[in-house]
């Protein structure tokens, strides 16, 4: 029997990923596309994987380390405004902020009448506007001759500490007094005369390293001195105004902005009496901030640099079509506000419905506390049961995305897990009766925590792994919240939870990862990508929970070996998950050449679940892996024509996805397959996680340049002419926070939103 895997309300929890709070300055979701032009960043070498066992399916460089030498590339569109070095004079209107750290000292008299002094650091933030004088304006016309220098004088006051006086106490000891002093300071920001002023787009940090020395006289009349190094790092972001107009390109230029930082330095020395003395001096540090306006995009290759050393253009797609269906149209009005409002409403409803399906429930009183039902439906179809997989994914979503995960519900779920592990079922005896873990592979249970004994697809080996992942997150939450577990349940500490529940599920993975089982759709018995990847993730996550004394234990060594074995098995072409015949991940290789194509949304679900945080990036098949992204492309391509709901005449935006192209399950029986909320949301989640990863980690976008490097996703869904740039096995690298990067991220955002727009429109049409 087939089943839909998760109730629709549970699936909607995946929508949480669409509201991750990306920086709007980096990703202007609602703005139209514009041209991107830049050139000439320096290249740096590849970085290796952080784990020796994790060999990927493709060679993907890390965010900032790439091989080869540089060439020039630009991103543009015939309908967009080119940002290039130009003869236009523009106004720099964004202020820059300079932070000065100084030391402030003051004096006071103690109870013995002695004068004492104390010092503390002080940080002064000064705004230095990179702007033209009020008389200048930015016009939409070009200049024919160099302009005069524009110098802006900014006056401010620096609070510093100065030497005041010395005095001699009764015992002959000399004390020094310091006073706080206000020093008027002038910063000059100069935009040098030039016939070509180019857009300032990057935050440019400047670091000044200097050595500061000072002298002082101790009570014996000796002169002491001390020196210390000091590093001053200042970031001055600038941007051009909005009324720009370009005519013709010229060579990139570099603009220097000169200013002076006035600060107070301190140093220490030891006098003849062995005492440590401190002296302060005021120091003016001339500083020049240099803005190089030529950075942007770099081409490099898998095996060698492009032979063409001239510049080339990569054009972003304005419209994406698949068999006549508009996936997204950048030229049309793309207003994300209605979608955002709908997502916020739906998130609230989704959380409410999820908790209604977890016992104790006022809506379904027969559900025991901690039991998660797959669906409230009890006839046509009857899914009023609990599945290990569904329960774990539900709890995982609650802990990961709910502001209030309801700790008592989590503890009740742990209690259910504890007892199900120790309950006999059709696969064998519970772990309370034997050390054999085979019974943990039973996927389906009654809502009263008794075994379901009717025929079913057994075993399903992903359940214990998914349960481990969810419970490890619960352990983290308990530790962070400081929750007292009390004596109500059979575990009184997080150590008990790990030893009495998680350890047994890990033992199951060690014993049975290389054994056949049914897939997550409960249809095919074999070895499956989804099962293996979540098993790998569970083992990998668990290793950080062992204390120092356990890390050399035989059990932990078994876990490490299992991690190596699963990783190697997944990426070995001989096992078929990566197959030269296909440009996507194969879910179940044993049927790929006979019953199915192997294309399956479960591969995206696996990547989304395993790579939900940057800490898992060392595991294979990350969300930026070309194999994962190309799988999404092929799912869209195949399912566009399968389902009538994707007919362009019914809805002009987006593609609804199903489980796999050959699916004939309609939610109750065998007939005609259909799209699923779970599958469509999974596609959005993959892309949102891709965006979030690059922004939060400040990673460059790395795009393979041809089919040998697997670029179907990029060439068919993002760029319009990627395959025409050359035949070498190359990469297109879009540096973080450049115009090329930001506008490409916007395209991916539109593609991700298109799936939810499709979902929203369909539900509104049907009244859901």
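Positions of Cβ are set from backbone N, Cα and C atoms, glycine also.
Feature annotation (Swiss-Prot): of 100-124, 125-149, the stretch labelled region 'Disordered' is 125-149. According to Swiss-Prot, the listed position annotated as N-linked glycosylation site out of 202, 309 is 309.
Nearest to residue 456 (substrate binding site) in space, judged by Cα atoms and limited to the recorded positions 415, 435, 514, 519, is 519. Just so you know, the Cβ of residue 547 (N-linked glycosylation site) picks up 7 other Cβ atoms within 10 Å once every protein chain is counted. Around residue 519 (active site, proton acceptor), the same-chain residues at least 6 positions away in sequence with a Cβ under 8 Å from its Cβ are 460, 526, 528, 530, 531, 587, 588, 602. Comparing Cβ neighbour counts within 10 Å across the glycosylation sites 415, 435, 514, 646, 742, the minimum falls on 435. Rounded to a whole value, the Cα-Cα separation of residue 514 (N-linked glycosylation site) and residue 522 (active site, proton donor) is 18 Å. Nearest neighbour of residue 547 (N-linked glycosylation site) by Cα distance, taken over the recorded positions 424, 522, 646: 424. Each residue contributes its Cα atom, and for residue 415 (N-linked glycosylation site) and residue 424 (N-linked glycosylation site) those atoms are 16 Å apart. Between the CA atoms of residue 435 (N-linked glycosylation site) and residue 424 (N-linked glycosylation site) there is a gap of 13 Å. DSSP assigns residue 519 (active site, proton acceptor) to coil in the three-state reduction, outside any helix or strand.
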